């Protein structure tokens with residue numbers, strides 16, 4: 001009775017397994033892989049000794065691109081049924097792709113010993129030849145790498161990886177070749193593939209982070225080192241690098257925020273900290289100096305800006321941003337020829353930048369203007385002088401050149417013209433709209449610049465008589481007549 005009951009249980013169990021296998025097979029044929037997989041899971045759970053359940057499940061994993069999951073199932077099939085040549089051939093192919101050449105070779109040899117079909121025999125022989133080729137090429141590659149012939153080693157690794165596409169060690173070796181050759185983008189690509197092929201690849205994440213760091217991409221460097229710490233929060237190398245990158249990243253972001261808020265002096269201090277934090281990677285020093293150059297130019301510290309920008313341009317002569325900043329500093333310092341030259345150089349390397357086009361036109365106007373009347377020079381003030389300074393300079397000049405101070409007719413005529421120029425300069429530079437036009441390279445008192453209307457052009461034609469009775473030290477007229485002797 002007990003035997004009959006047991007046999008009944010076995011028959012029921014077998015029927016259930018067969019049912020799962022049949023349903024799974026139909027779903028697989030219909031392309032419903034997830035549903036097929038669930039039936040094959042159930043079949044394996046019901047009967048862990050059923051090699052066909054493992055084989056079917058491996059087939060679904062392969063169809064889903066999950067070769068790592070397929071490999072243990074194929075090994076289970078080979079253990080349960082050593083003469084199942086199809087499973088052994090498939091396992092050999094997966095091992096070959098993983099670069100496990102000795103294990104793959106053993107599988108292909110066993111296929112040939114197990115009465116394979118004609119196709120299986122052909123496939124196994126082909127793959128055995130491939131294994132042999134790969135083993136010989138691998139020995140050559142390591143020899144070239146050790147001899148520091150990284151170009152040849154990288155080319156040989158290209159060939160190896162066409163076959164051993166999932167070999168993590170080969171990817172990492174090629175990445176090292178690329179690092180030595182200075183092809184860092186290619187190195188990153190291989191190392192990223194290595195992190196996907198090996199789940200706990202902290203070393204690859206660390207190396208990717210250090211490459212990004214050396215390239216100056218501190219944000220990407222921070223992202224990658226965080227991935228390393230997700231895998232191992234106690235990883236000493238990754239944690240040490242993380243602290244350095246985080247500190248530098250914070251300083252740079254803070255400096256850029258200050259520039260956005262136009263707090264240029266504070267931004268300069270922050271970028272000086274950046275240079276102290278990372279003195280050994282040239283990119284960060286040059287980036288910091290480039291931004292300091294920008295801040296000094298924006299802060300109207302012309303001479304300091306010119307000095308810092310020039311230092312950057314020695315290493316990077318075609319840096320359009322630095323050329324623009326130095327050009328603006330030259331304009332502040334009234335070195336118009338130099339400003340035009342910088343803007344022209346910038347335009348050669350970036351024709352489409354509207355700031356360069358506008359800056360060059362303004363620099364050319366100011367150069368042309370400087371060869372005519374320069375109201376700043378007339379009063380002896382800088383282009384960034386405040387209104388108070390302008391009025392003070394005007395009063396001093398007006399007192400010095402007032403025609404009443406001169407007796408000789410020739411000297412008096414010269415003084416009259418000088419006094420007119422001084423008064424015109426004061427008029428233009430204390431009127432915000434007129435000063436804006438002048439700063440853009442137009443003389444608002446020059447009739448050539450007037451657009452049809454009067455628009456202030458009549459001021460240019462004022463003679464000395466117009467200014468008689470004008471008190472340069474007050475806000476209106478004062479009561480004396482110009483005395484002719």
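Using the three backbone atoms N, Cα and C, a Cβ is placed for every residue, glycine included.
Among the features that TrEMBL reports, repeat 'TPR' is placed at 17-50 (among others). With a cut-off of 8 Å between Cβ atoms, the residues of this chain six or more beyond the repeat 'TPR' (17-50) that come close are 56-57, 59-61, 63-64, 80.
Remote same-chain partners of the repeat 'TPR' (51-84), defined as residues 6 or more beyond its termini with a Cβ less than 8 Å from a stretch Cβ, comprise 17, 20-21, 24-25, 28, 33, 36-37, 40-41, 43-44, 90-91, 94-95, 97, 110, 114-115, 166. According to TrEMBL, the feature repeat 'TPR' maps to 51-84 (among others).
What TrEMBL records for 85-118 (among others) is repeat 'TPR'. Residues of the same chain lying 6 or more positions beyond the ends of the repeat 'TPR' (85-118) and with a Cβ under 8 Å from any Cβ of it are 51, 55, 58, 62, 67, 70-71, 74-75, 77-78, 124-125, 127-128, 130-132, 134-135, 138, 160, 163-170.
Feature annotation from TrEMBL assigns repeat 'TPR' to 202-235 (among others). On the 0 to 100 pLDDT scale, the repeat 'TPR' (202-235) averages 95 in this prediction.
Marked as domain 'J' by TrEMBL: 374-442.
Annotated compositional bias 'Basic and acidic residues' per TrEMBL: 430-440, in sequence order.
Annotated region 'Disordered' per TrEMBL: 430-463, in sequence order.
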## Note on the structure
Counting only residues at least 6 beyond its ends, the same-chain positions whose CB falls under 8 A of a CB in the repeat 'TPR' (202-235) are 172, 175, 179, 184, 187-188, 191-192, 194-195, 241-242, 245-246, 248-249, 252, 281, 283-284, 287
### Residue distribution over DSSP helix, strand and coil in the domain 'J' (374-442)
52 helix, 0 strand, 17 coil
